[in-house]
Amino acid sequence: MEQSVSARWLRRYRPVLIILVLIFGIQLFLAYKSVDIGGGSGSGLDVDAAQRSQRDLASNPVIAEPPESLPRPARLTANQLGFQPECDIQAKEAISALQRAKTKDCRQHIAQIACSIQAGRFYAIQLKSSCPSGNHTANVSLGCYRDEKDRRLLGGYYTSFKNSNSPNLCLELCLQSGYPYAGVQYGRECFCGFDTPPKAAKLPDSSCNIKCLGNAREICGGFYAMNIYETGIAKFTAQLAASTPPTGAKRVRIAFLLTINGRALRQVHRLLKALYAPEHVYYIHVDERQDYLYRKLLELEQKFPNIRLARKRFSTIWGGASLLTMLLQCMEDLLKSKWQWDFVINLSESDFPVKTLDKLVDFLSANRGRNFVKGHGRETQKFIQKQGLDRTFVECDTHMWRIGDRKLPAGIQVDGGSDWVALSRPFVAYVTHPKKEDELLQALLKLFRHTLLPAESFFHTVLRNTHHCHTYVDNNLHVTNWKRKQGCKCQYKHVVDWCGCSPNDFMPDDWPRLLATEQKSLFFARKFEPIINQAVLLQLEEWLYGPYTSEYLNLHGYWQSLYHHEDVHGSADDLVRSVGDSLMRLAGSQARVDPLELLELTHYLHRDQYKGFLVRFSARRATGQDVQLETRVRPVQHGKLARNARFSKRLRNFEVSTDFDQKEQVARNFGKLLGPQSDLVLSYTYQGSTDSGAASHSYNLTLLWIDPLGRLQDFNELHVEDSSTDLINHSKTLLSHPITPGVWTAKLIGRSSIYAQLKFLISPMAYGNGEPLETTPEAEKRNGGLGIALPDDFELPVEWQQHLHTDDEQFSLREEALANGKLTGPPLHRWIDDLVGKFFQLRESCVVDAGTELSLPLCSDAPWSSLAPDPKSDVDALLK
C-alpha cells in the first residue's frame, strides 16, 4: 500500500520534480560561469585600490573583456577593400576591422600591419633587460624541491598549462610577471615566486619525474615535487620617495604638460592660476579637433613667456595610440626648448592640485632624478589580459581597431597602471631619443604604438627593464575618483574595440577622500568638471588658499562655450547654428534690431543649476548703428504628470535629450538641441521612498515615441522598482534617420493610464555640411524624413491606438510635413522660428557696448552674461 501511494505521489509530482532539478542545474551552471565574468575596463586602472585585499580584487576585476566576440567572417576581396592586400589575411578580428573601417587609407594601414604580423616580422620575439639582476642568472636550474599543498614554495602566482607546459614557457611567464623564480610541477602546473627555495626542501632529481605536457622530452616536476629555475631578474622594489629636500638643495623646475580637450576654457585658466609661477614651464597640447580652445589659449603666448602651445597636434581619442605619440612629441619639444626644467608632469583640464605649488616643488626637490608612476598593484597576467596588452590595436579613422592576438616579447617584465606621470629629465631624454642600437627601446616603442591605452604601460615597462629601474617610485602623485559601478559602462565602444572605464567627477560627497590626501604624497586629484559640479572646486580652493570674500564677484557662476563663429564649421555645427540663428532672429525682433551674425553660444550655470545658454549676436539698429547683444535662453520641454498616480508623484526630471553620460548620470546636451540626426534618450529620476514601512511596489511601463504626424515610431518597455534612494534611469530609442522635424511626444503608459507625457522639439535644419540649405533636394535630405522605424510586420496593440492620430489626421499632417521638408530661405526660417519660439524661452538680454541708447543693461553689469567679471578664472590677474 505504501509503495502504491509513493508511486502515485511520484507520478503526480514528477513534472514538478523535473522542473526543480532543471532549475537547480541551471543555477549551478550560472554560478560556475559567473566566476569568469569581468567588470569594466580601462583607462585606466584603479591604481588607488592597489592596497585592497586579493579577495576584493578578484571579486571586483578592473577591466572587462571586449564587449562581444566576433564571428568568423568571410575573406575579403580586392573589390571590397579597394586594393589588393599583400597577403590572405586570416585573423578574424583584422577582417572585421577591415569590414568596418570607412576610408581606404585606414583599411590599407590595417592590412599592412595584419600581413606583417601574419608573416612574423612585426614584433620582436625576445628582448634583453638592462636592469641589474644581482646574482640571478636566467634559465638556471636550482633542482627538484618538495612542495606542500598548504605552504607553497613559490606562492606568487599559479597557472595550469593543460597542453603546453614546459620549463621555458613557465620561465617566460614568471619573468614577464616580475618573479625571480619559476617552478614546474605535476606535468602541467607553473608556479612563480619571490623567495629563494629553502635548502631543507631539496629533493633528489629523481623525485621530479613527470614529463611536461608541452614537451615530453623535458621534466616538469612530480607529485608535490617542483623543478625550480631562476628567471634571471632580481626582485623588484620600488624606491621610497623622500619627503623633505636636504638642506641647501636646489629647487627643481617643473614643465607642466597640459593635454587639453573640449571647450572648458575657464577651467583651463583656473588650473593655470593654481599652478602658475614664473620659474616653471607650461606646455599645452590642444586636441587638433578643438579650434576654439587652441585659438583662445594661443592668446596666452603673447602675455606669458613661459606658456607655449604645441604646434604639432594630434586627435587624442580615448585609449588611442596617439596619446603616447603626443606625449613623446611634446616631451621632445620641451627638451629642444630653451627652458630649463627637471621634471615633466602631464595633466588635463580635469585635474586640479590638492596641495600648493610650493609643497610640490619641495617634494620633487627631495626626489630629483626619480620617476613617479603608479603600478596596477595586482597580478600581472591578469593585468595583461584585462588591459588588452596581448592584443594588437591599430589607430586610424579616429578609432582603435582590434586586429588580433599577439605574444608579448620574452625576456622583459611588463608593468603598467596609470597614464598620469611625473618623469625626470634624464628619463625623458632617454625615451624620446632612442639610439638605433638600443633594440629594447626601439622594440618597446613599436609594441606600444599598437597597444590600447599605451601611456598606461609604456613608461612603467621601460623603467622596469632599463638602467633607469632604480628610479621607479610607485606613486603618480594623483588621487583618482574611481566608482566602478558607474564608470565602467563600455561607453567608448564607438571609438575603440574594447570596454573602457573612466573615473568619476568629484562631488561634494567625495570631500573626505580629498581631505585624506593631506598627509600623503599626493598633489593632484581628478576628475573635476565645473559644468557638472563647481561647489567641490570652490571648497578645494578655499581649503588650499583660504576663504573667498563675500564681495567676490560671480563666485558661483560658471560659463562654458557651446559655439563660436570663428570655429571651423562643418556638419557638427549645423544643428547649433540652425537653432542659434533662429534664437538670434527672435531676440532681435524682441529688441527691435535687425540681427546680422550669430557670434557665440555659451552655457551658463549658477550654484550648479543650469540657467540656460547665452546667445550673443551682432545687429543693426534702425538708425544704422551696429550693436552686439546677448540673450539668456532657457530650453523648455512641455511635460504633464498624472496627478493621482503614486508613481507619477515620485517622477522627476522627465526629459528627452542626447549624449546621456551613464558615468555622471546626466545628459550632456544641456541646451536640449535636438535635430533630425539626433540619437534620442529619455531620462528621469524616480525619487526614493521616504516611508520605510510602506509596501514596496514595482511598475511595468511602456514608453511610446510618437512623431509629429501622430504615428508610433518606437517603444521601450520599462521596469521600475521601488527604492529608498533616488534612481536615475534612461531609455534609448532606435529611430531611422533623418527623424521627422516637428513636435514629438513621449508617453509613459501603464495598462490603462498615462503616467507622464512630454512634448519636445526636433528642430528643422537650416544648414547642411556647414552651408545654408539653398535647394529643395538639400532641404528634403535633411528635413524630409517621413520613414517609420518600426518593422513592417509590427502589430500595433489595440490599447495603444488611443494615443495616436487617426489615419485621416496622419494623412493631413503628412502633406504638411512634405511641404515643410522642401522649404528653403525665409520660409524655412519662419517655420523654424515658429517651432523654436515654443520650446526656448527668451529670459533677459543685455547690450555689449555703452552708448547704444537701447533700454538694456550693459552685459558687464549683468551677472549672468558671459561678459560679466569672473575673477576666479581671470588668468590676466597673474600679470598684476
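From the backbone N, Cα and C atoms, a Cβ is placed for every residue, glycine too.
For C501, the disulfide partner named by Swiss-Prot from the candidate list C488, C490, C499 is C488.
Per Swiss-Prot, the candidate among D287, D291, D474 that belongs to the UDP-alpha-D-xylose site alongside T316, I317, W318, D419, W420, S502, R526, K527 is D287.
Neighbour counts were taken as the number of other C-beta atoms within 10 angstroms of each residue's C-beta; across the disulfide-bonded residues C131, C846, the minimum falls on C131. In the shown protein chains, 18 other C-beta atoms lie within 10 A of the C-beta of C115 (disulfide bond). For the pair formed by C501 (disulfide bond) and C490 (disulfide bond), distance between Cα atoms is given as 7 Å, rounded to the nearest Å. Compared over the binding-site residues D287, D419, the count of CB atoms lying within 10 A of a residue's CB peaks at D419.
Here the Cβ of C469 (disulfide bond) has 22 other Cβ atoms within 10 Å, regardless of which shown protein chain they belong to. Checked against C115 (disulfide bond) by C-alpha proximity, the binding-site residues D287, I317, S502, K527 yield I317 as the nearest.
Annotation note: D419 (UDP-alpha-D-xylose binding site) sits in a coil segment as assigned by DSSP. Between the CA atoms of K527 (UDP-alpha-D-xylose binding site) and C87 (disulfide bond) there is a gap of 45 Å, rounded to the nearest whole number.
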